[in-house]
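A quick write-up on the structure given underneath.
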Amino acid sequence: MSSAYSKTIGGKLQLKGGLSLKPPKKHKHKKKSKKRERDAATLDSASKPFELVKVRGSGRLLSSGTTLMGQVGSKFLQELHVGDAIVIQHPTSLVEETRIVRMVLSDVSASVSSAFSSDLVSSTPFYYIKAPPEDGAQKEEEQEKQQKKRKMDEKTAFGTYAGGTEKGGQYTYRVKKSGAYGGYAIIKESNISVLTEMQSQAVKKAVSNSSAHDATRLRKFLEAGRGKTMVLTGAGISTDSGIPDYRGPNGVYNRNKDFRPTQFQEFIGAHTYRQRYWARSFLGWPKILNTQPNGSHHALSELQQAGAVSSILTQNVDRLHTKSGSHSVIEMHGSLHEVECQGCGQVTSRQSYQETLAELNPKVVKWSTEHPDKETGDVASSDKVNPDGDVDISWNYDDFVYPACSNCGGIMKPKVVFFGENMPAATRTNALERVSDANALLVVGSSLKVFSAMRLINHAHARKIPIAIVNLGPTRADELCSLRIDKPCTSVLTEVADLY
């Protein structure tokens with residue numbers, strides 16, 4: 001057949017021989033569903049895998065628990081982001097260890113997901129690996145799940161309490177919305193809000209019985225320790241005295257998302273950080289000085305006198321255990337009641353240093369006199385006092401003057417362990433020896449987030465020493481303890497003390 005075309009007729013190509021060739025039919029493409037688009041995106045991203053590259057970090061670092069401290073030349077803010085991986089070769093074991101970055105505070109301060117096998121006490125080189133980008137498809141899928149959940153809530157909700165759906169201690173129900181557009185609102189309420197008065201009284205009685213039961217269980221735990229129960233206390237024991245904790249429901253991290261304590265390297269390395277600290281501490285010190293022990297401190301002192309408790313290890317720097325009459329107290333992180341020279345080691349009382357600060361800063365004294373609530377520590381009620389006794393201030397402190405050591409001219413620092421600073425070796429050894437010598441370990445008011453405290457728990461657990469924890473909220477050692485009481489410590493300890 002000849003392949004020559006004759007002419008085009010009606011949009012068709014007429015071939016010799018009477019045959020026609022129609023133009024190709026256009027296919028209508030169906031719109032892809034979200035799932036198909038997501039799957040296509042996933043396949044596309046899978047074809048281009050994210051490459052993990054290990055990059056040498058600037059400078060070197062030290063570590064204390066989960067805190068990283070950059071050395072000269074470190075650039076944490078430029079190089080690290082939350083989710084990145086930090087890789088080091090441990091100088092002791094020579095084993096490569098990897099941790100995830102949880103927070104970047106400055107070029108010389110960051111925190112990681114968990115502590116290295118042991119603290120990095122010598123300058124250590126490090127590498128970092130950037131975190132893979134977020135999976136957009138996974139995010140979409142999560143949004144779809146949330147939408148389905150909302151629809152299920154609407155489907156199972158009814159218009160009355162009696163008809164509501166009960167799950168997880170809540171009633172889910174719907175009520176008619178007010179306004180011109182009408183519609184329904186989904187409401188979730190705790191069961192307690194729908195109980196009758198009789199049921200409410202029954203609940204109160206059950207709570208009372210539960211408290212008595214907890215006190216009895218804790219007393220049995222103390223008796224099993226045969227007078228050698230060591231107590232480890234945290235910030236939660238001092239909240240009833242008006243000193244807030246860091247991580248509790250009303251802790252400084254929850255009420256002030258921008259809060260960050262002064263780091264050790266910052267305090268030692270920069271005059272402006274020392275100015276900032278001492279100006280804030282000058283106003284906060286009267287609060288610490290005048291704070292009195294609460295029921296928990298007095299209860300532990302009574303238990304110690306009764307022979308149920310041997311010694312006390314505290315992470316707090318307020319010295320309230322000593323004020324309550326307790327003895328054999330080890331202040332793991334030091335005390336705000338003393339100031340120490342970083343050069344010659346000379347120690348002076350914090351009150352004496354306060355008087356010198358007042359002489360050098362008459363303008364601040366005048367200001368605090370005109371605003372007595374700021375000086376006396378009433379700022380606790382206005383949520384401005386911090387766990388370490390300093391307060392948030394808004395005025396410029398560039399002119400604030402702080403004295404150097406009278407003996408050698410060195411830097412004066414509160415005799416407490418700052419964030420990023422190592423606990424003194426003698427204190428660490430003494431604490432571990434106390435734990436080894438104990439028959440039981442009682443933890444009060446601590447979430448055990450700080451590595452120095454968790455080290456003691458691991459030390460006790462490895463030696464099969466029974467552990468009890470009294471704390472409102474979860475702790476890192478909940479799976480290691482034989483007795484767990486999730487309640488405010490004051491109510492529990494005072495009831496136990498009453499049993500002796």
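The backbone N, Cα and C atoms fix where each Cβ goes, and this holds for glycine too.
No curator has checked TrEMBL annotations; they are predicted automatically.
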Recorded NAD(+) site member, picked from C341, C489, that accompanies Q315, N316, V317, D318, G445, S446, S447, N471, L472, G473 in TrEMBL: C489
Range annotated as region 'Disordered' in TrEMBL, from 1-43, 345-387: 1-43
C-beta crowding around C341 (Zn(2+) binding site), within 10 angstroms: 20
Residue from H333, C341, C344, C405, C408 whose C-alpha is spatially nearest that of G445 (NAD(+) binding site), among the recorded positions: H333
H333, C341, C344, C408 screened against Q315 (NAD(+) binding site), Cα within 10 Å - retained recorded positions: H333
Mean of pLDDT values spanning the domain 'Deacetylase sirtuin-type' (205-500): 88
C341 (Zn(2+) binding site) versus binding-site residues V317, S447, C489 - nearest by Cα: V317
Residues Q315, N316, V317, D318, G445, S446, S447, N471, L472, G473, C489 binding NAD(+) per the record - widest CA separation, whole Å: 22
Helix, strand or coil at C344 (Zn(2+) binding site) [DSSP, three-state]: coil
Shell of the Zn(2+) site beyond C341, C344, C405, C408, same chain only (C-beta within 8 angstroms of their C-beta centre): Q342, G343, G345, Q346, A404, S406, N407, G409, G410, M412
